[in-house]
Amino acid sequence: MGRRAKNKQAAPQSLAPANDASDRPSAKKLGKRKADADIDAKESLSKRPAKKARENDERLQKAANGKAKTQAVEKGEKLSKSNRRKNQEDEDEDDASSGSSEGWEGVSDDEDLKTKAKLLFHDSDDQEALVGDLDDLDMDGEDGDDDDLLHGPPQELDLGSDDEELELAPSKTKGKKSKQHERPTKIIPTASDDSSDEDEDEDGPITMANMEARSKALDAQAAREAQLDLEELQQAAQAGEEDDDFADEEDQDEEMDGEGGEAEAFHLPTAEERDEEKKAGWPDVHTVQRRMRECVRVLGSFKRRAASGRSRSEYVQQLISDIANYYGYNEYLAEKLFQLFPVAEAIEFFEANEVPRPVTIRTNTLRTRRRDLAQALINRGVNLEPIGKWTNVGLQVFESSVPIGATPEYLAGHYMLQAASSFLPVIALSPQPGERVLDMASAPGGKTTHMAALMENTGVVFANDANKVRTKSLTANVHRLGCKNVVVCSYDGREFPKVIGGFDRVLLDAPCSGTGVISKDASVKTNKSERDFALLSHLQKQLILCAIDSVQPDSKTGGYLVYSTCSVTVDENEAVVDYALRKRPNVKLVDTGLEFGRPGYTSFRGKSFNEKVSLTRRFYPHVHNMDGFYVAKFKVEKRQKVKAQSDESGAVSKGDGAMDVDAEDTKFDSDEDKPYLEEAKRKHMKAKGLRPPPRSKPAEPTLISVKATA
Ligand SMILES: C[S@@+](CC[C@H](N)C(=O)[O-])C[C@H]1O[C@@H](n2cnc3c(N)ncnc32)[C@H](O)[C@@H]1O
């Protein structure tokens, strides 16, 4: 348990811009934080984009006064996890969104899958490695985390999950009167975000009558926000390097501290000192905070601020080590996540993982309309608002006097409790009425039921999940929501398209590490190792090839695959997509059609990916105030086996519009992952005090699809 995790659980964070113009890090949070709790609380609020700080200064001040009190108490104490949760509940009596995911988790049983996978791949060379992998997962099972690994993060699965579990979800506001003006942050900034408390009172609660007008106002506000963001970005670009501006502020702060005689010169521990410190026990939380702040500051302007003789990597190492300690991650994962962002932004990401995401529901349009649902829930004392203009079925719940997972409307299937990020892959896939669609890893069915609704209960959705136990909650949700076009089945996804193929569209919401949903399942912080990522990536690569092969390229209306995960790591996202592009030249990436999200990486730490990977989209808790998520959309075209033909001049040409596809080259390539898997296994054995076998000789490099150009 990290210092941060022990000591602090803030209220839901700043408003998150939905447009890409504002997809940049806001003020450098940690750098601004003082150990002083009051200031810390204010700064937590200051994470709002600068324009909001300008426009909402008064409102923020008010809010800060309230929050600072609570946080001051929290800061000073070391709380156990349960105490922390309790504290959060008390603190958030007025905060309907916080902590509500607790207790929704579906616990899955992977026995079936493991047995099945062993049977399935017993005969196949390609799959041998996988059988080994699953055995390895068994070893992990000793640590109790193989369930996650095989079945994806439970918290992602919770969000549309089992009824009983939802009913357990505590309503933080039970018995409290709905107070529109005290609502927490929202996923998308809207008109009311920028209005003062008085404005909000004037607007009053949402009713059926004013909902449309309110929606329009939200859209207009979002457009204004986008414009402001753009202006801000332009100003920032003109003003020069942001980090330096920020650092200057810090310098001033420090000078002031110095005047008060409080500032001490910062000493970056050496590697030996760090080791000693670890043995002796970590320094107090204030020291760690200060050190992190200093490291961020120095790394923001290294040449100017670094102590002489100290390298950048020393600061980075210290910072990662402190992040791991402070937020409670294993160092491997802390480093992996840290590497995804610029330094100051990384801190924002880790901070965001300490804060619950807003509670959101998806209207089931098979049963009701959003405005009718909203009105019915408002009448029950639920305080809610449309999520944003990018979805016409989502509602964000701010507070509720009834358990949101047990209202008559919920039981009648009028809505699904579902994370906003989970809407995205379905919006991207955009299944059409009358189509044949496969949801390859579908339990507990949040996305399946969304697709069934978009298809207006026509056509057919094959909802598959390898885990039989989990298909029970899937079936329950399918029934509750009145989906009549869904066929539930339970195969290992890697059996498709042998089981059945020829789909107009396929969704592969892949089993993943869950690094995007750490705020819901903190166990991810410590139970994911290098080996897990290697195994998961391997499984995801196998699944994606099967998903591609299950799409009907001739489909008159579709021919699409959407690949998604609730993880932010490159191994599970861009690397998998890039692999699919290499192995299946008959697919291409297309625009997801999603209005926001950051582009996928085209290069990352020395690895280069297909440049079209920038069409894929990344979503982050600290940027979009939704779970970390990744979405890629492929168009599958006809496979053409065209051998290269030399023209008369001897030059090699391809057939008209054809791709070079060689059956051998496009099989799943276990060899590609083999070294990583082996290395991971060696490390695992070493960690267990076992002697790893000698490294096998690296295989001769193989030629990939180069027949035409050879
Ligand atoms: C991220 S969850 C899916 C969530 C689901 N799409 C939803 O929206 O409710 C991943 C799912 O993959 C399933 N799974 C794991 N390995 C699988 C495999 N080899 N084939 C098919 N499904 C698998 C897990 O049981 C888990 O339910």
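Cβ atoms here come from the backbone N, Cα and C positions, even for glycine.
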| Where TrEMBL shows Ala441, Ser442, Ala443, Pro444, Gly445, Gly446, Lys447, Asp465, Asp492 binding S-adenosyl-L-methionine, which of Asp509, Asp521 is named for the same site? | Asp509
| message | Distance check, please: Cα of Ala443 (S-adenosyl-L-methionine binding site) against Cα of Cys566 (active site, nucleophile), rounded to an integer number of angstrom. | response | 14
| said: With every protein chain in view, what's the tally of Cβ atoms within 10 Å of the Cβ of Lys447 (S-adenosyl-L-methionine binding site), excluding that atom itself? | reply: 27
| query | Highest CB neighbour count within 10 A among the recorded positions Ala441, Asp492, Cys566? | reply | Cys566
| S-adenosyl-L-methionine site span - longest C-alpha distance across Ala441, Ser442, Ala443, Pro444, Gly445, Gly446, Lys447, Asp465, Asp492, Asp509, in Å | 19
